[in-house]
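*Asks:* The structure's right below; bear with me while I get my questions together.
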Amino acid sequence: MARDIAAPPVPTNHQELISWVNEIAELTQPDAVVWCDGSEAEYERLCGELVEKGTFRKLDPIKRPNSYYAASDPTDVARVEDRTFICSAKEEDAGPTNHWKDPAEMRAIFTGDKGEGGLFRGSMRGRTMYVVPFCMGPLGSPLSALGVEITDSAYVAASMRTMTRMGQPVLDELGDEGFFVKAVHSVGAPLEPGQADVPWPCNSTKYISHFPEDREIWSYGSGYGGNALLGKKCYALRIASVMARDEGWLAEHMLVLKLTPPTGAPKYVAAAFPSACGKTNLAMLEPTISGWTVETIGDDIAWMRFGEDGRLYAINPEAGFFGVAPGTGEHTNANAMKTLWGNSVFTNVALTDDGDVWWEGMTEETPAHLTDWKGNDWTPESGTPAAHPNARFTTPAAQCPIIAPEWEDPRGVPISAILFGGRRATAVPLVTESFDWNHGVFLGANVASEKTAAAEGKVGELRRDPFAMLPFCGYNMGDYMGHWVDVAKDKDQSKLPKIYYVNWFRKDDAGRFVWPGFGENGRVLKWIVERLEGRADGVETPIGVLPTKESLDTDGLDLADADLEFLLSVDKEVWREEAALVPEHLNTFGDHTPAELWDQYRALVRRLG
């Protein structure tokens, strides 16, 4: 007999959704099913339950109102790229940079065979199953899309209220027959009757699996952020990139900012950098140059479609920031610090003795005593970080003091420039303008950076990260590069965004960062805007157009002339070596690499002589 646990009254007449919820309930066998309505009362109830369970600890209500601290299991602290699968019908559609598994084989691992076996069978026993309807993007926007996540984690249900538009309004928008992405999540820790729970349930077996043709996500064994908040990377990038390929738009790992000069109209800029290259810092920039202001649209993901006027329009599909805490402080990102005043959840940071949070880089002075993320006493002599390097904050975007008024405009904002960049100590100048769209795609295809703590791997290795999408592209990366070429083919080239490559991380022979970065990066944005308006000079080099020394505003900047020359130099010898690395990279994708990128490579070699 099927357990019709989601029987009426349910808050929707969407029969496909109701029967799917029943099907998952029958498979996972939860003790109860709760349809989330997204209300403030529900959020408070979930947080209260998490406090009772020991998952959450309420922070000092004066210092950090309505905010909580959570510590994960020490084995469940980051995205697990080696357990992340793209289960496309054909292996070549996943491509060489994704892990592929046959979809039928993967489904058998999850649901077993003929009603027996499978990781999800009975995985929610002893737990509550939450049905979490959510919208990526402003409700009602033609650029937005809907999803429903089924999860046995109250931490996930609560976090989804911050990170997405969630609850009853989404079910209302969905109607009786609307399309939604199906997302199933279990921490994989069923409870037997009388068995005590742990504060952070998870399983040593982990799968984060995507079924692109079915627009489905199944995640097992992890309660951590990107593995469990399935609206984020799983939907907004991996599944959405496939939707975008099929429908002629772009789903990208990009911040979006609004830049307003002292006179003239604002410009909207999108930028793609790999993890830990300063996306959030740039999205919330406080320019040091007088009269220029930056406002935030989004800090991590952009969905972009061409409008009827031929311009590319972007929305931020998220409603919150899920940021890396360490390194975020008054000096590096004052606006992020102001955003975190309250209504936030902090995971794997350190706790102060007076009931607040702390992490490396938050303050100039390190506290004399803390409780570290593993719950141990900590002092500056401990010799280990107090916060995990990938510790996170989850906070509402609406609290950002410089959130742009149009951040939720259903039409999106028109993008004038797209920036790519990585963390490169060598070769790559401060800023390079592409010659045209396809050359810009070539620059994006060659993004490279050092590995960071946001994924499990060694720190400091150089890794190619095309478009900063390597861990997030839901299909063959060669086809993805081809899609970037294709979307612009029939467009008015004069209306396409200009593409730039930036590098804040150039080092001299002594290992010193030559460019001061942070707020000074506004000077580079100023040059870009003036280029867009035809008011700034540039010099053609073999790799693209660079600022002349005079056209980059360095007034009031303590930067030696030799350093400026170094930042704006192209060493042909070094660049011949750099160019020699490109064929191996493009060959990775075989005949999926678009011919246009090989044309760009050959043109680069010719220009380098």
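Each Cβ is built from the backbone N, Cα and C atoms, and glycine gets one as well.
Fair warning: this is a prediction, and the values are worked out from it, not measured in the lab.
Found this in Swiss-Prot, in case it helps:
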- ARG79, TYR224, GLY225, GLY226, SER275, ASN390, ALA391, ARG392: substrate binding site (BINDING)
- LYS233, HIS253, ASP300: Mn(2+) binding site (BINDING)
- ALA276, CYS277, GLY278, LYS279, THR280, ASN281, ARG392, ARG423, PHE518, GLY519, GLU520, ASN521: GTP binding site (BINDING)
- CYS277: active site (ACT_SITE)
*Asks:* Determine the minimum-neighbour residue: among ALA276, CYS277, ALA391, listed as recorded positions, which Cβ has the fewest other Cβ atoms within 10 angstroms?
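*Replies:* Comparing Cβ neighbours within 10 Å for the recorded positions ALA276, CYS277, ALA391, ALA276 has the fewest.
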*Asks:* Between the binding-site residues LYS233, HIS253, PHE518, GLU520, which lies closest to ASN390 (substrate binding site), Cα to Cα?
*Replies:* LYS233
*Asks:* Taking only C-alpha atoms and a 10 A limit, tell me which of CYS277, THR280, ALA391, ARG392, GLU520 are near ASP300 (Mn(2+) binding site). These are the recorded positions.
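*Replies:* For ASP300 (Mn(2+) binding site), the recorded positions whose Cα atoms are within 10 Å come to THR280.
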*Asks:* Of the binding-site residues listed here (TYR224, GLY225, LYS233, ALA391), which is spatially closest to GLY278 (GTP binding site) when Cα positions are compared?
*Replies:* ALA391
*Asks:* Let me know how many other Cβ atoms fall within 10 Å of the Cβ of SER275 (substrate binding site).
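*Replies:* So the Cβ neighbour count for SER275 (substrate binding site) comes to 21.
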*Asks:* Between the Cα atoms of GLY225 (substrate binding site) and LYS233 (Mn(2+) binding site), find the distance and write it as a whole number of Å.
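*Replies:* Cα-Cα, rounded: 9 Å.
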*Asks:* Which one is closest to GLY226 (substrate binding site) in space, judged by CA to CA distance, out of the binding-site residues LYS233, HIS253, THR280, PHE518, GLU520?
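*Replies:* That would be LYS233, nearest by Cα distance.
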*Asks:* Within 10 Å of each Cβ, count the other Cβ atoms, then let me know which of the binding-site residues ASP300, GLU520 comes out lowest.
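*Replies:* Candidates: the binding-site residues ASP300, GLU520. Fewest Cβ atoms within 10 Å: GLU520.
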*Asks:* When you rank ARG79, LYS233, SER275, CYS277, ARG392 by Cα distance to GLU520 (GTP binding site), which of the recorded positions ends up on top as the closest?
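*Replies:* Going through ARG79, LYS233, SER275, CYS277, ARG392 one by one, the closest to GLU520 (GTP binding site) is CYS277.
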